[in-house]
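Some notes on the structure that comes next.
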Amino acid sequence: MSRVAFLLLIEDDEAVRTALEMSLTRQGHRVVTAPTGEDGLQSLREQRPDLIVLDVMLPGIDGFEVCRRIRRTDQLPIILLTARSDDIDVVVGLESGADDYVVKPVQGRVLDARIRAVMRRGERESNDAVTFGSLVIDRSAMTVTRDGVDLQLTPTELRLLLELSRRPGQALSRQQLLRLVWEHDYLGDSRLVDACVQRLRAKVEDVPSSPKLIRTVRGVGYRLDAP
Amino acid sequence: MKGARRGEADDAPRPRGRLRRWAHTLLSLTSLRLRLVTVFALVALVAAVSVSGIAYWLNRDAVLTRAQESALSDFSQSLGDRAGALPDQPTCDALRLMADRVANRTFHYEVVLEDARLPEGDCRAESDPAVFTREMVPDSLRDAVRDRREGQPEDDQYHLYWQRISLDGDPYLVGGAQVIGGGPAGYLLASLAPERDDLNSLAVSLGVATALAVIGSVLLAQGAATMVLRPVQRLSNAARRLGEGKLDTRLAVRGADELAELTRTFNNAAASLEAQVQDLSDRETSSRRFVADMSHELRTPMTAITAMTELLEDEVETLDPRVAPAVQLVVSETRRLNDLVENLMEVTRFDAGTAKMVLDDVNIADQVTACIDARAWLDAVHLDADRSITARLDPRRLDVVLANLIGNALKHGGSPVRVTVREHEDDEGGRLVSVEVADQGPGIPEDVLPHVFDRFYKASASRPRSDGSGLGLSIAMENAHLHGGDITVHNDPVGGAVFTLRLPHDPGLPEDRADDPDSGQETPPGGGASVPPGRPATPAPRRGERSDKGSGKETYDGSAEEDRR
């Protein structure tokens, strides 16, 4: 890793908080913790972490709400920690803006792998810029502008857009995208892709309900088209 | 000997028994309506036929008697009158004249007079030789007439004898009498055709009446059957609905007859059944919820313990050798407990019926390869698969099934495990995909075979359950059922247990997720309608996409645990 990631862990259960803090610290991350959503939002403002690991079941405002509030101002990566693998929770979590999720009881190594994968998404790479209609993707500056206005994208959204823009006009399956963007294994959750595409469309499309840029390819996945 | 004798004894009543059985079968096969109609018709037929028969015979008797008596009394009267007028020694001509006179046009009879004692010898006087000759009189009648005269003391009475005969198919009355005092014997022949015609038309009328009675009774029986059977039909429909699980089925009680009573009984039974089922399902629901809540509650502490044991595991080499085995035990048991909690969660989802499928077109061979690769089993598994076999299924669930079957085979049978993927047709012509997992172990005892898919089933000591949760095969089976498939197990004659997973090529279920239409993906965040009901969708790993497996391997191993939900 290029540098030590600075994590904010929001978890109400003291044992879990302590255990995960120890585990993540041991994996080489710098960790601050918060026991409630409110405390977590305050720590976010004061300490500016690189990434948030967020428990869903929190006293007071729950993880989904925390996630939504963070997304209003910040685009930093969020990994949800859910004790419920019930589908509805996962979907609600992804829709509230989370980049990835892990289900309890989580292994430290898995969480670490996810964190590193998320962090890698923000790394810059090539140095050219491409234009899709009114959308300009500057790969060197890692910025995206639409009609000259800077778009606030999370690293995951940005990486998804970059992967799609690298193969314009070519359909990428959800599974491919999961591997490219999320670095998930062969049984990754494709709803991560769907939720992220949805959020991305909301930011880059003129009319998100009838997308012109990020098109759905029936039976395959998604494709970036120049309008 | 004994057996043979018994066999013979059995032979005798068999035909009758068979007949009875056949009749019984016929009766039980036909509907109640048919039985009712048949009985009604039979009763009507018997009644009508006996009434008609009696009426016919009485009538016949009366008509014939009257006709006979008129003709005979007229004949006897006329014969007496004319005989008195005869001279003592009449001529044959006089007799002929007399016969002509006696023959009556009103009662339509012809007459023959016979006198053997005339001077000119045997004389036969016939009123109309074309119709009636002496030869037509039956011998028995003549004998009776003659014998009477000889055997009886003479008196005033003419002894009349009669007999009915049939000439050319027409009925006739032949009567005869001896004139007392050595007179001639007279015979008459009267046609009974008019009476026969009357009786025939009466028989036809009675037949028609009988037929009408039978038809009427059949119609009546139909009506009665409909009346009786309509409530029965209603009850039958209601019972079927009840059997289909619609326990709130009730019937309106009409009237106060036996059927109304039956309806009331049915309603009571249904109500009590509904209450009991409700009670049972309430209890089951609460116990399931308890298991679900419990396994759910276990997850938070398990997270803390898991994270901690990982730290301990990393430190195990630096620990005091006296403590290290304890730590290792804690680590391995924690992992097992984790698996158990995961499996419990999965089982509660099956029990609650909330397990969902996310279908995708999956290349089976690729999926098997990915499954064994992700678990580092590549060296222990020999895969024999046609690489072109694809099926529509939930890849995540197939992975669970494969991992459980192969893992089980490795655990109990030892390597190498043979995995064979085949495609064939089932009985209805649908395409099936079968995955056969055969191990090299001692096989499964016959008495254990039926139970291997039971939850927490403890096999005998010969096949100890080592570190499994005891739920793996049960979960595999549930997943197969969810696809409309099945898992069977048998022992290979050569040795080793063989588990065979059979899945339909296409379970024919509607896809849970709105797979592609943009509208399906564009519902506003947080909106309930946008929640896809399915489990995580995972498109099949396609060939040609697998080149980066090596680099992702570390992630595979780690996240495989997390993904095995």
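In case you wondered, yes, glycine gets a Cβ from its N, Cα and C as well.
TrEMBL entries are annotated by machine, without manual review.
As the structure is a computational prediction, the values presented were derived from the model and not from experiment.
The transmembrane segment annotation in TrEMBL covers B:36-58 (among others).
A Cβ distance under 8 Å defines the sequence-distant neighbours of the transmembrane segment (B:202-221), meaning residues of its chain 6+ beyond its ends; these are 36-37, 39-41, 43-45, 47-49, 52, 55-56, 59. The transmembrane segment annotation in TrEMBL covers B:202-221 (among others).
Under the heading domain 'HAMP', TrEMBL lists B:226-278. Across the domain 'HAMP' (B:226-278), the DSSP tally of helix, strand and coil residues reads 39 helix, 0 strand, 14 coil.
Among the features that TrEMBL reports, region 'Disordered' is placed at B:498-565.
Annotation comment: TrEMBL describes B:503-512 (among others) as compositional bias 'Basic and acidic residues'.
Under the heading compositional bias 'Basic and acidic residues', TrEMBL lists B:542-565 (among others).
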Find the average pLDDT over the domain 'HAMP' (B:226-278) in the predicted model and report it. 85
